[in-house]
Amino acid sequence: MTRRYFGTDGIRGQSNVFPMTPDLAMKVGIAVGTILRRGHHRHRVVIGKDTRLSGYMLETALVAGFTAAGLDVFLLGPIPTPAVAMLTRSLRADIGVMVSASHNPFADNGIKLFGPDGYKLSDELEAEIEALLNQEAPLPLARAEDIGRAKRVDGDIYRYIEFVKRTLPRDVTLSGLRIAIDCANGAAYKVAPTALWELGAEVVTIGNEPNGLNINLECGSTHPAALQKKVHEVRADIGIALDGDADRVIIVDETGAIVDGDQLMAVIAESWANDQTLKGGGIVATVMSNLGLERFLGGKGLTLARTKVGDRHVVEHMRQNHYNIGGEQSGHIVLSDFGTTGDGLVAALQILAAVKRTGKTVSQICHRFDPVPQLLRNVRISGGKPLEDSFVRQAIADAESELARNGRLVIRPSGTEPLIRVMAEGDDRSQIERIVNDLIGVIANSREAA
């Protein structure tokens with residue numbers, strides 16, 4: 001079934017433009033309440049948000065929908081996505097909601113839903129919600145005496161801070177480390193600096209003055225230049241860049257070099273393998289992770305299981321096959337020993353633990369392998385299915401044959417835009433560039449792409 005509302009990470013769009021409107025948000029609350037009311041107990045929802053201006057509007061609309069359907073609502077205020085997942089479990093809620101568009105600009109927003117176990121909702125439950133949202137008849141509301149109550153939860157960020165601190169091994173403190181952290185003017189602007197300081201670090205913070213409009217604006221994990229500058233300026237031992245909802249992280253070493261999610265997963269996997277706490281015999285990543293990571297892990301006797309793009313697919317594979325490390329090159333790192341979703345701060349603490357235990361610098365710890373040349377380009381299409389064209393399929397087969405064991409080819413349609421993404425990687429950069437350019441030409445000229 002073609003989905004109208006839910007994408008790969010909940011419902012997302014530009015604020016006050018369908019589907020990210022207050023009337024739809026209210027209807028989401030009523031639809032979820034309609035499904036939950038099939039049980040017999042009083043139901044509870046927790047709602048968190050990042051710092052976008054539209055967050056207040058959407059939060060209020062969701063509260064109206066949930067309470068109208070007879071659900072009680074706990075409001076967490078600005079708080080990271082992984083905190084919502086954690087508090088959904090801790091507060092014994094039936095549903096957790098995060099109002100955020102992650103690393104996107106302030107004008108966008110989204111609604112992510114978590115089940116009582118802290119994991120994102122199943123495809124089947126999202127489809128059930130979709131069906132109710134598409135229903136023309138009014139959804140049933142609670143009787144007057146059964147309308148839900150809403151209240152602000154005091155101290156929720158401190159519960160999360162204590163949770164984060166407990167993920168650092170007890171034999172490790174951060175004393176003696178100068179840490180620069182960029183909170184992206186987002187959801188972690190209070191919790192991240194506080195947690196690091198309470199663990200003993202000297203903390204220099206940027207991106208901690210949200211005004212509703214500046215989330216992810218030239219800051220955070222997708223714009224690390226400001227953090228690189230700050231690391232040099234204060235001679236920090238490490239820089240930590242979070243995104244707007246703090247579910248992803250990028251590290252900057254003491255020289256100012258960027259460390260992406262692939263390198264971070266390599267560090268954590270090697271450390272946990274040495275401690276004999278790694279599960280599954282390897283890690284889970286997406287098809288976009290660098291071939292260098294796969295080779296590095298293979299050299300350690302570990303495997304790399306690949307999934308489709310999206311942390312949802314990574315987490316699903318981890319759960320089904322009992323892995324405890326997974327993630328994406330972009331910095332979504334999922335450590336299932338601690339949580340159910342990507343958590344930038346928790347992942348950063350595992351890197352800091354490796355630094356403290358070895359006595360080495362971040363640059364010595366974090367650059368575990370040399371990435372092979374990787375090239376990603378997009379082809380804009382106006383319709384059709386060019387990947388089903390016989391000429392395109394033959395060109396792809398020829399390219400895969402040419403790369404053989406010396407590289408990889410990933411070609412996939414974008415999930416959000418009319419684009420075909422072409423990624424190739426291998427040891428020979430000139431070969432990679434030629435293959436990608438040739439494939440772009442074939443796809444663009446396909447009759448199916450017109």
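Yeah, the Cβs are placed from backbone N, Cα and C, and that goes for glycine too.
Counting Cβ atoms from all protein chains shown, Ser102 (active site, phosphoserine intermediate) has 29 others lying within 10 Å of its own Cβ. The active site, phosphoserine intermediate feature in Swiss-Prot is assigned to Ser102; the stated evidence is sequence analysis.
Residues or ranges marked as Mg(2+) binding site by Swiss-Prot on the basis of sequence analysis: Ser102, Asp243, Asp245, Asp247.
Among the features that Swiss-Prot reports, phosphoserine is placed at Ser102, with the record citing sequence analysis.
Reported as a whole number, the C-alpha separation between Ser102 (active site, phosphoserine intermediate) and Asp245 (Mg(2+) binding site) equals 5 Å. Counting only residues at least six positions away in the same chain, the Cβ atoms of Asp50, Pro80, Thr81, Met98, Ser100, Ser102, Gly186, Ala187 sit under 8 Å from the Cβ of Asp245 (Mg(2+) binding site). Sequence-ordered, the extra residues of this chain that approach the Mg(2+) site, with Cβ no more than 8 Å from the Cβ center of Ser102, Asp243, Asp245, Asp247, are Asp50, Pro80, Thr81, Ser100, His103, Gly186, Ala187, Leu242, Gly244, Ala246, Arg248, Gly342, Gly344. For Asp243 (Mg(2+) binding site), the number of other Cβ atoms no farther than 10 Å from its own Cβ, over all displayed protein chains, is 34. The Cβ of Asp247 (Mg(2+) binding site) lies under 8 Å from the Cβ of Pro80, Thr81, Pro82, Ser102, Asp311, His332, Thr341, Gly342, Asp343, Gly344, each of these being in the same chain and 6 or more residues away along the sequence.
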